[in-house]
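> Sharing the features that TrEMBL gives for it:
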BINDING   ILE14, GLN15, GLY16, ARG29, SER80  substrate binding site
DOMAIN    20-232  domain 'Radical SAM core'
BINDING   CYS33, CYS37, CYS40  [4Fe-4S] cluster binding site
BINDING   TRP39, CYS40, ASP41, GLY82, SER125, PRO126, LYS127  S-adenosyl-L-methionine binding site
BINDING   SER42  Mg(2+) binding site
Amino acid sequence: MSRLRIAEIFGPTIQGEGALIGEPTVFVRTGGCDYRCSWCDSLHAVDPAHRHLWQAMTTDAVWAEITRLSRGRPLTVSLSGGNPAIQDFTALIALGQAQGYRFACETQGSIAKPWFAQLDTLVLSPKPPSSGESVDWPAFDACLSAAKGAAQIVMKIVIFDETDYAWARAATDRYPALPLYLQPGNPEVDPATPVNPQDLSDRLLWLVDKTMADGWFAPRILPQLHVLLWGNKRGV
Ligand SMILES: C[S@@+](CC[C@H](N)C(=O)[O-])C[C@H]1O[C@@H](n2cnc3c(N)ncnc32)[C@H](O)[C@@H]1O
Ligand SMILES: Nc1nc2[nH]cc(C(=O)O)c2c(=O)[nH]1
Ligand code: SF4
Ligand SMILES: [Mg+2]
């Protein structure tokens, strides 16, 4: 049986971002990413320097850990990373959904997988200029096509500055039917350094003020709730 490369499995905690904010969730964070965002808050699941901490697990072992953490009570499982779309979650999603669990996935939209169609929620998070990455839109559109059949597809964009904001506005014009979430970027991602709550709230306020002043009423604007509660602590 092929194995899944897993950086960490944690929870239950609350989903801190986007459409499912506040929802009790177990996170499965995969190891490995095809991107290197300058501000990535999960480098321990991206940079191969940390790969000695990643585990090759069977689907059954991942499922056993999800049921242990959730005490067998169905909740939402969020597949994140790294880029979970590098790997094959067909069997895990089928196993969990048969027991009443729901599955969400967070991905940047660079790699499409058939199992996207099995998801309850697909969160596509195309990366703005501040990330240093650039979006392959045909690949992004392939993710949307692959996800036809998923119960819910949403877009979530991180905004650090004016350039990101202008980019997000233009990029999302092409997808008027996709529910859109904006979240301010967190500039401090080192787990050993405390976040600055005033700076985070200033960034949120700037984004809210700007969006309202522009009369851009498509997005919902949310902080990273888990960062407000726990800073950059891992495993929450
Ligand atoms: C760590 S990524 C993993 C999933 C996938 N690679 C992606 O980027 O969508 C999960 C979410 O965290 C967001 N994120 C990463 N670093 C962040 C930061 N410094 N501030 C705000 N959001 C961040 C990403 O944009 C993405 O929406
Ligand atoms: N509580 C909590 N919410 C989250 N939403 C997205 C996360 C992620 O890193 O994918 C995340 C995370 O790591 N923790
Ligand atoms: S795509 Fe996601 S996991 Fe990969 S480097 Fe960017 S924020 Fe981090
Ligand atoms: Mg995160």
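Glycine residues also receive a Cβ, built from the backbone N, Cα and C atoms like all the rest.
Heads up, TrEMBL stuff is auto-annotated, nobody curated it.
Neighbours and distances for these, please.
DSSP assigns GLN15 (substrate binding site) to coil, not to a helix or a strand.
Classification of CYS37 ([4Fe-4S] cluster binding site) by DSSP places it in coil, neither helical nor stranded. Around CYS37 ([4Fe-4S] cluster binding site), the same-chain residues at least 6 positions away in sequence with a Cβ under 8 Å from its Cβ are LYS127, SER131, GLY132, GLU133.
The Cβ of TRP39 (S-adenosyl-L-methionine binding site) has SER130, SER131, VAL158, PHE160, GLY185, ASN186, PRO187, VAL189 as same-chain neighbours under 8 Å, each 6 or more residues away in sequence.
With a cut-off of 8 Å between CB atoms and residues at least 6 apart in sequence, the same chain places ALA7, ARG29, SER80, GLY81, GLY82 near SER42 (Mg(2+) binding site), listed in sequence order.
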> Which binding-site residues of GLN15, ARG29, TRP39, CYS40, ASP41, SER42 contact ligand 1 in the sense of C-beta under 6 Å?
TRP39, CYS40, ASP41, SER42
> Among all the protein chains here, how many other CB atoms are within 10 A of the CB of PRO126 (S-adenosyl-L-methionine binding site)?
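The answer is 25.
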> An 8 Å radius from the center of the ILE14, GLN15, GLY16, ARG29, SER80 Cβ atoms defines the neighbourhood of the substrate site; name the other residues of that chain inside it, in order.
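Not counting the recorded site residues, we get GLY11, THR13, GLU17, THR25, PHE27, SER78, HIS226.
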> Give me the count of other Cβ atoms within 10 A of the Cβ belonging to ASP41 (S-adenosyl-L-methionine binding site).
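19, counting other Cβ atoms within 10 Å of ASP41 (S-adenosyl-L-methionine binding site).
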> Please work out which residue of ILE14, CYS33, CYS40 has the most C-beta neighbours within 10 angstroms of its C-beta, and give that one of the binding-site residues.
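Checking each of ILE14, CYS33, CYS40, the winner is CYS33.
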